[in-house]
Amino acid sequence: MKLVPDLIDAWYTHGFFFSICNASFRDDASIQFWMWLFTWSKVVELIDTLFVVLRKQKFIHLHWIHHALTVIYLFIAFADSPAYCRPLIPINFVIHFFMYSYYALRASGIRTPKICSIAITSSQIVQMVFDLLVTLTASFYFITGNRCDLTAKSALISLFSLSVFLILFLNFFYHSYFKENSKVASRQKAD
């Protein structure tokens, strides 16, 4: 994947500011291909979510909101190709690789330790925080008059989407791992 070497080169050769504010990747057709592929992969994820709904399988609204909002944002952002996407997309690819590998194991009937799902959700939360910090930093550079290749529209949509995702994932994490454990602990104390 060409996005990772580009990110490493941008960050180590030119520094953090360049890696999030210079959209030189727009001139590289292979990077644009990977960004296009990334955008369409989110459409596939949304369609997968629709199949979950249509098959009346267990469903949480986080998936629906996350995938629908991601598709909307990416089609707006892809037209702008904001520079801050340079570090965000490769990280998302990596986390989704592990997440869908986990889902494949579960779908094939292989039981996994609970720590796996906790680690995946935790990595998604860390990703949201990182994404917000990068987008906020790039937006700050942009607002303060530094040359930063982004549009106010894409930054605002990104900040809104990432904030919603972070709240949803934190809520999911709390209700899935902490609230459940406190109920189990309460039952054990009662026995």
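Placement of Cβ uses the backbone N, Cα and C atoms for every residue, glycine included.
Annotations in TrEMBL come from automatic prediction, not curation.
Record features (TrEMBL):
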type: TRANSMEM; residues: 33-54; note: transmembrane segment
type: TRANSMEM; residues: 61-81; note: transmembrane segment
type: TRANSMEM; residues: 87-105; note: transmembrane segment
type: TRANSMEM; residues: 125-143; note: transmembrane segment
type: TRANSMEM; residues: 155-174; note: transmembrane segment
Listed stretches 61-81, 87-105, 155-174 vs the transmembrane segment (125-143), most Cβ pairs under 8 Å: range 155-174
Same-chain residues at least 6 beyond the ends of the transmembrane segment (87-105) with a Cβ under 8 Å from one of its Cβ atoms are 1, 3-4, 7, 11, 19-20, 34-35, 38, 41, 112, 116-117, 120, 123-124, 127, 130-131, 134-135
Who are the chain neighbours of the transmembrane segment (61-81) in space, where the CB to CB distance is under 8 Å and they lie at least 6 residues beyond its ends? 23, 25-26, 32, 35-36, 38-39, 42-43, 45-46, 48-49, 52-53, 149-151, 153-154, 157-158, 161, 164-165, 168-169, 171-172
